Amino acid sequence: MLRRELKYIDEVQQISLEDALSSQEVEVAYICSESTSHEDYIRQFLNAGKHVLVEYPMTLSRAAAQDLWELAEQKGKVLHEEHVELLMEEFTFLKKEVMGKDLLKGSLLFTAGPLEEERFGFPAFSGISRLTWLVSLFGELSLVSATLEERKEDQYMKMTVCLETENKRPLTWIEEKGPGLKRNRYLSFHFKSGSLENIPNVGINKNIFLKDQNIFVQKLLGQFSEKELAAEKKRILHCLWLAEEIQKCCR
């Protein structure tokens, strides 16, 4: 297999994976790769004694994520899953709008161009940021049903997921991807006190990746309480479990 040449970026010499794992100067690894490779890279860096920040989803199963967190604890290292979608202006707006309201029903549709499942996992995993939105807004959810329509020759797929809140309120999540589909998010939430149809223009998302990295640094400095860390881990594991259940239901 051909390997690309390691060069300088902004006057910094690139190094190989092997050198990064063995170097005493490397204390932290940022993993920004195809989702299917996350678990292996996380395990390698934790075993090498490095702290890890990884893009979502950190793994493609709940059990693997739990195992990696246990490994991080054994090694005394921080394992942080990036969640920039929770730092977006749109989500901040939604959180305020939803707070204290009694949901009757809701739906969230996401459209985008084709995405290779072999590289980024089943749609419930590659689209887990939408699931994270719903769980963060309405609490833990249960799966009612899920279907997947695929036309592989056209690079088209549509996943339809019916979920339920703890109060038995229905939520529908749809991921639709194919050539010509623009990256868009459409939502509709109905409450006893009124409805919310889509999100108004609430401004540009500024420095959300930097903000997430700052959260990671705060964890490295021990500035997150055990309660906060436990709540975050519980949410992430719940979303991974739901994604697994959706995949089983569709396949």
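From the backbone N, Cα and C atoms, a Cβ is placed for every residue, glycine too.
Unlike curated entries, TrEMBL annotations are predicted automatically.
Under the heading NADP(+) binding site, TrEMBL lists Ser35, Thr36, Ser37, His38, Tyr56. Long-range neighbours of Ser37 (NADP(+) binding site) (same chain, six or more residues apart, CB within less than 8 Å of its CB): none.
The number of other Cβ atoms within 10 Å of the Cβ belonging to Cys250 (Zn(2+) binding site), over all protein chains shown, comes to 18. What TrEMBL lists as Zn(2+) binding site is His238, Cys239, Cys250.
Marked as domain 'Gfo/Idh/MocA-like oxidoreductase N-terminal' by TrEMBL: 16-83.
Per DSSP, the secondary structure of the domain 'Biliverdin reductase catalytic' (91-201) breaks down as 30 helix, 49 strand, 32 coil. Taken from TrEMBL, the feature domain 'Biliverdin reductase catalytic' applies to 91-201.
Ranking the binding-site residues Thr36, His38, Tyr56, Cys239 by how many other Cβ atoms lie within 10 angstroms of each Cβ puts Thr36 at the bottom. Counting residues per DSSP class in helix, strand and coil order gives 33 helix, 11 strand, 24 coil for the domain 'Gfo/Idh/MocA-like oxidoreductase N-terminal' (16-83). Annotated pair His38 (NADP(+) binding site) and Cys239 (Zn(2+) binding site), C-alpha to C-alpha distance, rounded: 17 Å.
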